[in-house]
Each structure stands twice: as C-alpha cells, then as structure tokens.
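Enquirer: The region 'Disordered' annotation in TrEMBL covers B:1-22. Feature annotation from TrEMBL assigns repeat 'WD' to B:143-185, B:186-227, B:229-276, B:277-317, B:399-440, B:441-482, B:483-516.
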Amino acid sequence: MPQNEYIERAQKLHGKRLDTEERARKKAAREGHKQSENAQNLRGLRAKLYAKERHHQKIQMRKQIKQHEERNIKGAPQEKEPANPIPAYLLDRANPTTAKALSSQIKNKRAEKAARFAVPIPKVKGISEEELFKVVKTGKKIAKKAWKRVVTKPTFVGPDFTRRPVKYERFIRPMGLRYKKANVTHPTLNVTVQLPILGVKKNPSNPLYTQLGVLTKGTIIEVNVSDLGIVTASGKIAWGRYAQVTNNPENDGCLNAVLLV
Amino acid sequence: MATVLPPPSKRQRREEVERAVTQQDVTPISAADLGSFRTNFVDSDGNQMTDGDIEINFADASEKNISTLLNTLLGRDREDFTPYRFRIHIPGKDIIVDQFPTDLLGLLRKHGVENPFETTLTLSAEPQSVFKVQAVSRLGHRIPGHGQPILACQFSPVTHGRFATGSGDNTARIWDTNTGTPKHTLKGHNGWVLGVSWSPDGERLATCSMDKSVRIWDPEAGKQIGSELKGHAKWVLAMAWQPYHLWRDDTSRIASASKDGTVRIWVVNTGRTEHVLSGHKGSVSCVRWGGTDLIYTGSHDRTVRVWDAVKGTLVHNYTAHAHWINHIALSSDDALRTAYFDHSKEIPATEEAKKAKAKERFEKAAKIQGKVVERFVSASDDFTMYLWDTNSTKPLARLLGHQNKVNHIQFSPDSNFIASCGWDNSIKIWNARDGKFLKSLRGHVGPVYQCAWSADSRLLVTGSKDTTLKVWDVRKGTLAVDLPGHEDEVYCVDWAPNGLLIGSGGKDKAVRTWRN
C-alpha cells in the first residue's frame, strides 16, 4: 500500500470522527466568507495567483449556468442549415466531416502550383558529420582501426532491417534512438494524430543522412495516413503522405511533424 | 521503378514463331459427338412461345445461336430479330440459372441432371433492347460555372444535348453538352437548389429549393414561367412530374415533397395548389408519380404512402420499414420520364398520338402477366428494401443483404433488375420479379450515393463519395470502366436517355460529361 493513503486506512480501521459531517458542512458554509476575505486582504503575488484562479472558476461557472439555461428552453430548436451545400439525401444526417475536410483542403491547396514545393520549415541548420557520428574504435591495433561510426541522432529504421555482420557494419544506429511513430499535425485543422512512419524521404543536411534515416529538425518523412480516410483523385485510399519534422527529437524524446499539404 | 523484363531470348522467339505457324489442333472443340438436348421456350410470364420441343446440339448451344434459332422459329425477318437472353430452368428442380454458361452440358451435369440428352430443358427468353449502349470511357467535357457544389442533375428526355444541374449557389443551370458550354443560368431561388426535374415532354424544367419554393422554367429561353410556387413551410426536397399520358385540361401537374411532411400537387399552368397531401409525420424524402395516377411518397416517419392524385386521398399506408425511407423507385420510371421519346427517334405528330405512344410505352414497361401492375421498391436506413405491388398491402419481397443504409435504388429500364447502392460501398443487383438477390458489385471505397442505368439495361453507372464514377457490366457483374476525374465527392449522376452521355456533378463544383 502506498504510504499516502494513511487517512483512508485510519478511517477504515477506526472510523471517522463523530462530527465529520458537521465540520464539512460548516466548512462549506464558510467558503464564501473565506473567499471574500482572501479577495479583500491578500496582497502581492498571492493576490495575483488568487485572482487568476478565481477568474477561471468564474468562467467555468458562467459556462455552466449558460448550459443550464439552454437546457431549460422549451419548443422547437432553431433549424440550422449546414454550412456547406449538400444534396437532399444527405440533409439531416450527422456526417463525419473531419477527415473529409482534411482531404479536400489538401486538394484545394495542391491546385496552387507554388504550394507544391513549399514546406513549413524552409531553412534548416546543417549538421556536420562530426556532430552526427561518433567514432568507434575496433580491433586490437586501436590507433588504426577507427572506421566504425555510431549515429548520435534519432533514426528511423525500417521494419525489414537486419543488421549486417559486425565486420561489415560501418554505421550503428542505436536501438534507444529509434522511432516508429510521429505525432503528425494537420496545419489548418489543428488536429494531431499519431501515425506510423513509412520512411525518411529527405534529410536536407546530407543525402547520406537520408539513407541512414536520420530524424532531425526539417527532415521530410513519409507517414501512413490510411486511418484518416483520405482518398486520391482516382478514388483509391491514400496511404502515404509527406510530413516535415518540426522539433529536435533528440532533445524532446518525441517526434513531432506537420503534414505537407 | 517498375521492373523491366529482359527481351525474349532467341530460343523463345523461335518457339513463338513456330507456335504461330503450326495449325492448332481443333478436334476437341468441334466435338460433333457432344450429343443434343431438347428444349422448349417460354417467355418471361411462363407462356409457351413455340409449339413442341426443339432439338439443339450441345456443340451449337451458345446463347447467340439459340437466340437466332428462336427468332427464326417465330418467323421473324432477319431485320426484325430481337436479341434474347435465356434463363435455364434446371429440370426436376426449382433452380433457375440467370447467366447462360459457355458450357451448358457441364452446368447441367453440375446440377445433377443425370441424362441431359433425354430431359427437356425449359428456357425462358427475355427480349433485350434492340440497341446497345456502349460504355462511356473518357471525360467529354469539364464545364466549370457553378460557385458551389452541384446537388442535383438530370438530362433532358428529348436529347442528350441538354443537361440541367442544381447547385448550392442558389442557381440552376442548363448546359449544352454537345459543345460543352453553359446555356442558361436560372437565377431566382434564395436557397440551395436541391432538385431539378425535366417535364416528360422536355418543354419545362422544375427546380425545388431550400427557400421552400418550386419554380418552373422554360429551358429554351432560360426564363422563369409564372411566379414561384409557394406554400411549403420547409425545404422542398423532391419533385415528380405527372406522367405525360395523364396530362389533362391542357396542363401538366407536378408534385413536390417537403421537409414539413406534406406533398403538394401544383397545376403548372396556373400555379394553383390542387391538393395538399398531408399525413406524413416526418420529412418526405422521396416522391414518385406513377402511370396509373397514383403518387408514392416515402418519408422519414418510416412509412410509404400511396395517394390518389386525382382525388387527393390516401390509398395505402405501408409501415413495414423500421427507419427512414430514403428513396423509392417505380418499375416504369424510365418509361414515364421519357414519355414518347424512344430509341427510334420518331416523334408522333399530334398530341393524341404522343399520349397514346407514352401510354403504350408505360404499359409495356409495367405489364406483368398481361396486366398493368405498377411495382415499386423502397430503400431505407434500416439496411433493407421492400418490393411492393400496389394491389396488395403485403410486400412482395424483402430485399436483405446490404450492410449499411441504402441510399438510392433504381429499376432497370426493361424492369428486369433492381440496382441498389448505399453506405456499405457496394452496389447490389436484384431480380425485379421476385426480389431475389443476383449479385454484388464491389469496387468503390466510399459510400455510393447514386446510380443510373443505361437505356439498354446492360450497364450501370454509380457515383460515390470516393470521387469516382464506375460503369458496371451488370450481366457479368464486373467493372466495365472506372472513371476517375472528379476532385471531390460525386453527388449526382445521370445517364442520358439515349445512352450517349453520362453527366455528373459533385462537391468540386464542375459539371463533367463522359462519353465513349
């Protein structure tokens, strides 16, 4: 049992104080007085914190009151026209629109030709090979055999990857720094979904990094969007889409990306 | 990168040439000793077509040969030959095979007929249309113009050259599909145009809208005729013209269905409301005007009602469905829509002759066992459909099989098949006589919104949320042509009555026509 449940334990063993109910009632009854006193008398930082907290409470309270008022309205609700024109057979239906909005927005955007090459992070800080690779010395003649490298940044390694024999393995991609999923945000819808990575399309720093699947800020990755129900122009379900990494995964421990539209 | 196969080696090429040069051994194919069977022909109502049994060699028993044989037996000239398709009644069993096989003997053996040479086979012959519609294969025109999604579309019954669309930008437009240009913009509505409907003679176009009104237009001049037909309290969702042969007092009539639960019958010439058919407790989603002056309505209150259009009284109230009715189709829909226009392009001169021809076409479409019986089928949100006959209060059949809501349903123009499509991404084909399930057409990856038959009932086009149109070969049950091109959901699709064009519209705001 965790140590901090000692109160419950005591209550179970010995029961509550006989005047518990009354004390709780009285405390609740004094709550208003207490708040008023704090509001009037607190000074400095504590006053500021208190005011802020109280402000949030009041917002919640007003929202709740409004909800209650709406509930009490009698009569037919206002007939609401859907925002986008839809045919008669789709009227009065609750349509799941989010995934659709997503794909049509992508389509609208693609019609603009210039948008085809635009990415959210156009300029990326280059990463030198000295920073990316750490030298591993192998063999007995230590001084000479320094041909092996460890990648120090997070990487994506495909599911069908098998390590080569030690003798031939020039680059080691540590298990601890591998990613399989990315938190992908749709820029205009502000929806974030965790999607499996399919591959690294381009690491702008160096083609070698692309080959190794290094994930740094600005890298273009391909993600599996089949869950979103996006459809291509020929009516097939779209499977892979590109996204750009927006954070430094080696600092954050997660991989955030923004979908390219 | 695609894998490129290496070119054939010299040896392979030599063998290829040798194969082409030497004659094929054809003995097993022309087996004269396959034997023969005896058959008698019945028509689709079960009446004998020929006297006595006819002996046919199994080797010659292809559907085309038998069709020629039957035509000859009926004493027709070669010019008047009607193509037939045959259903095979398996002797001694209750099984009817719809599809004529390539290997008839094999089929009989498979069904356990011990001695096919000594049994008499019954073949029921169904006449096919004498013309054949070719499947469209490519985009004819993409015509931009509408500012909002296109919600409804229909071809004129007169010609494939006129196509009307209704859109969310509060206008209806008429397009000249021959040149791919806009013809008229019909402005006037204050809400989305939810439906467009050509009159059966093609002289008028009716539109219904979210602004609770119906308007009648002259499609040649592009002008509104009379004032708007006002009276509904809510959106007008659907319309149906009175069939041409029922027009009386020198005027046509139109029925409009609204969300307010009423159906109104308007006299088109005067704009007067003749009847208000009230009784539905929910939004009326579909209305059809039958050739025997009955009006069929389906509603969100789960009932299908049949009304007398002359007296404005309720005839039947069918309550079998468990959820909203989405669509109703009549067996004579196609004949009523095109009235006196048929494939022969002969238009009668006088009004009487036109009416007579329209009536004749309707009766031909609706005739079952020599009686004019209008059948209709209702599709519902409860995943099922019912096939109804106006003479009885019980359904003829319940069509089960869809795994999600059924959105649209259509009788084939020869009223032999029913096509239904819905939210389960599939299209299903049913036998219109008994409601038996025939086949399922799969291929769409989104809900299928609408379907339309070709005039010869051999092909079916469907429009879907997955942005494609697909043309299906109904007899084979296969995809004939895939028509990608729309950039977004396809809301409406129509096949021109003469089969030359398909028109479609959807969320991407551009009208597209497709041709072969």
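If you go along the chain as it appears here, the first residue is 1 and each next one adds 1.
Keep in mind that glycine also has a Cβ here, set from the backbone N, Cα and C atoms.
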Enquirer: Check the repeat 'WD' (B:143-185) against the repeat 'WD' (B:483-516) for contact, please; criterion is three or more CB pairs under 8 Å, pairs 6 or more apart in sequence.
Expert: yes
Enquirer: Please indicate, using numbers and ranges, the residues of the same chain that are 6 or more beyond the repeat 'WD' (B:441-482) and have a C-beta under 8 Å from a C-beta there.
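Expert: Beyond its ends, the repeat 'WD' (B:441-482) has Cβ neighbours at 85, 99, 128-129, 131-133, 135-137, 334, 343, 404, 407-408, 410-414, 416-417, 419-429, 488-495, 497-499, 502, 504, 506, 514.
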Enquirer: Please give the average pLDDT for the repeat 'WD' (B:483-516) in this predicted model.
Expert: 89
